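**Student:** Annotation source TrEMBL lists transmembrane segment at 21-48, 68-89, 101-123, 223-242, 263-284, 296-321, 328-345, 385-405, 417-442. Here TrEMBL flags 573-613, 614-717, 718-839 as domain 'Cadherin'.
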Amino acid sequence: MEKKMEAINDKPKKSKIKEIIMENLLIMLMIISVIIGVCLGVGLRGIWSPDEKRKLHYLRFPGDLLMNMLKMMIIPLIVSSLISSLAFLDSKSSGKMGLRAVVYYLTTTLCAVIIGIILVVTIRPGDRGGKIEKGGSSKNADALDSLFDLIRNCFPDNLIEACFRKQTTEVLDHKIVTEHTYMMNVTGTNFTTQSPNDDMVKLVNYTTTRIVDKPVVKKVEGMNILGIVVFSIFFGCTLSRMGPAGKPLSAFFECMHIATMKIVTLIIWYSPVGIVFLIAVKLIEMEDMGKVFTQLGYYMLTVLLGLGLHGFIVLPLVYFVGTRKNPFIFCYNMLRALLTAWGTASSSSTLPVTMECLEEKNKIDIRVAKFVTPIGATINMDGTALYEAVASIFIAQYLGISLNFGEVIIISLTSTAAAIGAAGIPSAGLVTMAIVLTAVGLPVDEVTLIIPIDWFLDRFRTAINVLGDAYGAGLKWFLYRYELMTVAQLRVDNTGLSQKYPPRFDTLPSLLQYDEGCSNRTLATVTARGDNGVITISANGDATRSKVDIVQTQSSNSMPFITKVQINQKACMDRETEATWYLHLLAEDTSNLKTIDTLQIYILDVNDEKPSFLSKLFQKTIPENAKTSTEVIKATATDPDNGVGGVVTYSLVSSSLYGNAFDIDTNTGSITVNEALDYSKLSFYQYLIVGTDGGGLNGTATLIIKIKDIQNRPPYFTGQPFNAYILENSTIGSNVPFTYPIRADDGDTGVPHAIEYKFTHGKCNEFFEIKSNGIYAIVTVKKTLDRDRGVIHDARGVCSMTLMAIEKLNSNETNPGPSNSTTPVVISIVDVDDNLPEFSQSLYNATVFENLVGAPLTIKGDRINVTDVDQDVNSHLHLELRYHNGSIVQGIKPVPDTVQGSGNVMLYLQDDFSFDFEKVQEVSFMVMYTYR
């Protein structure tokens with residue numbers, strides 16, 4: 001709501017802080033005491049030995065005082081609380097409440113057993129952790145005997161003796177001696193079918209002994225809590241049925257309970273001191289802490305995990321389903337009791353603290369707390385039942401014994417029953433463990449496997465037991481709150497016990513309904529009547545009293561005494577903050593007789609709250625290749641209004657720049673990709689998310705979606721084509737001059753990747769090397785070039801290669817797209833005239849007949865061969881014949897007289913020339929070449 005009415009008396013900030021500290025001081029002290037106890041115990045372990053019993057005896061003294069004081073209050077607290085609570089309840093209410101309490105406790109205990117069995121079968125701690133050293137001793141127990149002991153202790157033969165003794169069955173060995181007589185003749189023959197002659201036989205006597213079990217009921221030390229609880233329940237119910245005749249005794253037990261709780265309050269303030277020394281001594285007494293925790297680590301893990309699941313999931317869930325209230329606030333208010341339970345390991349000793357937390361912190365009706373919690377402390381042992389089930393199967397696993405389904409069922413039932421019979425004292429579960437082990441035929445003495453760590457786990461299971469009692473009381477109060485609110489209560493005044501009837505309210509409306517809002521209005525008119533003086537009506541002990549004004553409109557000073565008041569709204573009604581106001585009205589006359597009744601005001605919802613997003617800004621970065629329909633983020637808003645007013649629909653608002661790239665589910669607020677994304681086009685989207693409730697109120701939030709560039713485009717080349725000319729005599733390492741510089745750029749538009757280059761195809765690859773200078777690719781000569789030999793080029797002197805540009809991707813890039821591209825590169829090798837022509841022979845011999853004209857000379861070897869490996873013009877040769885003195889040879893010509901690269905040449909006589917043998921027999925000349 002936009003406007004809130006301010007409280008009249010605002011306390012200063014420092015006063016509020018001080019008030020909070022004082023309110024939680026005891027809890028803080030208990031937490032500190034646990035920490036100090038652990039530190040003290042661990043510290044003294046290095047100085048003291050566990051065998052130094054006298055030192056430990058002295059160190060335990062403050063803790064012993066705490067345990068003694070708590071145990072001292074168990075009997076008066078149970079008796080006074082049960083009797084006084086039942087005495088002020090009608091028999092119908094107490095009967096239903098008691099039955100439902102027992103059903104609740106049995107159900108939660110069975111749930112705890114099932115959780116423990118599931119965990120121990122799954123984790124199998126008995127197959128882990130190595131060899132375990134045994135400790136302590138065990139005690140045999142018969143399941144049927146234990147059941148009879150449980151029932152027998154419900155009805156003690158001596159109520160006074162039940163305060164310090166209880167009955168238990170012990171099995172003794174009973175000898176049965178049987179005498180036998182038979183006749184034997186002198187030869188040793190046994191006569192069995194006929195009477196022998198006396199002269200021939202003699203009588204032989206012998207005895208046999210047989211040992212059988214003899215159950216004997218004995219009384220042992222220890223409080224019979226169950227018997228005291230049963231007696232107190234019957235006694236309280238009887239007082240309730242007696243009516244006015246039972247009021248004096250009811251008031252006595254009520255007064256006794258009040259006095260007991262005041263003493264308990266004093267003891268509780270001492271508890272942090274005692275807890276320090278109880279924990280410290282336990283830690284010192286452990287022989288080898290590290291070894292024990294290592295060997296039984298998985299067993300401890302299983303038990304603690306089971307207790308955690310039961311105590312912080314199952315029990316809160318049951319409470320929430322039954323009451324629709326926050327179970328964890330309820331649990332927090334019980335923190336002092338849980339810490340006391342952890343420190344003392346006794347649910348019975350914690351009972352006073354449990355009741356105080358229920359009444360003061362969780363505002364549970366005192367009658368419910370006094371009735372339910374003693375029963376819970378006696379029969380509700382969720383933690384113990386879970387522990388016994390886990391321990392039994394753990395022992396079977398450790399011994400290598402496989403349990404069938406039927407035996408697991410037996411463990412479930414016997415663990416539940418044994419837990420009910422367990423005493424609310426430290427390590428009581430070890431005693432009842434024998435029942436469970438015996439039921440499935442496991443050796444009882446194997447319980448010594450878990451004794452070294454039992455003291456530690458006992459504290460946690462006791463805390464869960466107490467938490468289960470508390471949740472049970474809270475659930476019962478919620479279920480019976482209307483019945484209990486209408487019961488008039490007598491109280492003890494300063495002058496003694498009053499037997500007069502208290503004032504009574506006229507019938508109050510069972511349920512008032514008002515729209516939420518801040519208007520000042522009259523909520524109800526209440527009338528009270530009585531016979532013992534002027535009546536005043538006020539709001540009693542509830543936070544709601546600060547939200548209303550009680551205005552007296554009528555009051556009479558004589559019989560009949562009638563007082564009428566108006567209940568006016570003072571504070572704002574906000575359905576989203578508090579759905580129901582419970583106003584406890586107190587009518588009190590001048591004789592101090594009081595009546596409490598409750599006015600329930602149900603606040604109807606008005607659509608006054610606009611949707612509120614979990615965040616004002618939603619940001620998300622997604623890759624540009626995200627597929628359509630991919631969920632980007634879920635932006636949800638809450639609207640505390642009820643009905644249609646609390647239903648939120650969603651929409652996206654943006655400028656035309658961002659288009660419809662994204663869509664939002666109108667019902668769930670899920671934002672998905674609607675169109676293909678491209679970082680190069682748009683790298684940033686911004687929307688306004690609008691949440692609209694059924695009443696038309698809007699809430700908004702900003703959505704920013706950043707597009708992440710990914711590798712989905714290959715690099716591209718600029719400045720193509722890439723052609724170059726280079727002389728064949730270029731030195732190694734010289735650059736190849738391309739017409740356009742070679743360059744490739746990242747095809748993606750985000751942060752560019754570095755580009756690497758390499759030649760992939762072409763027979764010239766080995767002669768050239770390519771590197772990047774950060775921007776361009778530089779091609780250099782790697783090996784000597786020789787176009788004349790024709791080994792690295794085609795006939796045209798051209799090297800054709802394929803150049804690949806490769807992006808260097810980051811290691812964190814997933815599912816990259818294409819990251820390389822190719823382009824042709826052509827390098828033309830330019831010839832250099834660096835080779836002389838060569839003839840196939842250094843000397844050619846030719847013959848010709850005299851007087852021949854125009855005839856060819858016959859050359860040995862057929863023809864003259866000349867070759868120039870240079871290319872193009874550098875290999876174009878002109879041939880001519882010259883004598884050694886340089887003059888031109890006349891009458892003989894080469895055919896052809898020009899050669900390109902390589903050719904065969906013949907020598908011909910000219911048409912007007914011939915040889916005359918008589919004049920010339922031999923001519924010597926040279927074939928010469930020149931370049932054209």
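Glycine residues also receive a Cβ, built from the backbone N, Cα and C atoms like all the rest.
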**Student:** Determine which recorded stretch among 101-123, 263-284, 296-321, 385-405 has the most C-beta pairs below 8 angstroms with the transmembrane segment (328-345).
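**Tutor:** Going through each listed stretch, the top one turns out to be 263-284.
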**Student:** Could you pull out which residues elsewhere in the chain have a CB under 8 Å from any CB of the transmembrane segment (263-284), counting only those six or more residues past its ends?
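**Tutor:** Residues 26, 29-30, 32-34, 36-38, 40-42, 44-45, 48, 50, 56, 59-63, 65-67, 69-70, 73, 77, 336, 339-340, 343-344, 352-353, 355-356, 455-456 contact the transmembrane segment (263-284) from elsewhere in the chain.
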**Student:** Determine which residues of the chain contact the transmembrane segment (101-123) at the Cβ level, with the cut-off under 8 Å and only residues 6 or more beyond its ends counted.
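**Tutor:** Residues 298, 301-303, 305-306, 309-310, 314-315, 318, 371-372, 375-376, 379-383, 385-390, 393-394, 397, 408, 411-412, 415-416, 419-420, 464, 468, 472, 475-476.
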**Student:** Summarise the model's confidence over the domain 'Cadherin' (573-613) as a mean pLDDT value.
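**Tutor:** Taking every residue in the domain 'Cadherin' (573-613) and averaging pLDDT yields 81.
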**Student:** For the domain 'Cadherin' (718-839), what does DSSP give as the number of helix, strand and coil residues?
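**Tutor:** The composition, in the requested order, is 6 helix, 53 strand, 63 coil.
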**Student:** Please work out the helix, strand and coil residue numbers for the domain 'Cadherin' (573-613) from the DSSP assignment.
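**Tutor:** Summed over the domain 'Cadherin' (573-613), the classes give 0 helix, 23 strand, 18 coil.
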**Student:** Which numbers of helix, strand and coil residues does DSSP report for the domain 'Cadherin' (614-717)?
**Tutor:** 4 helix, 49 strand, 51 coil
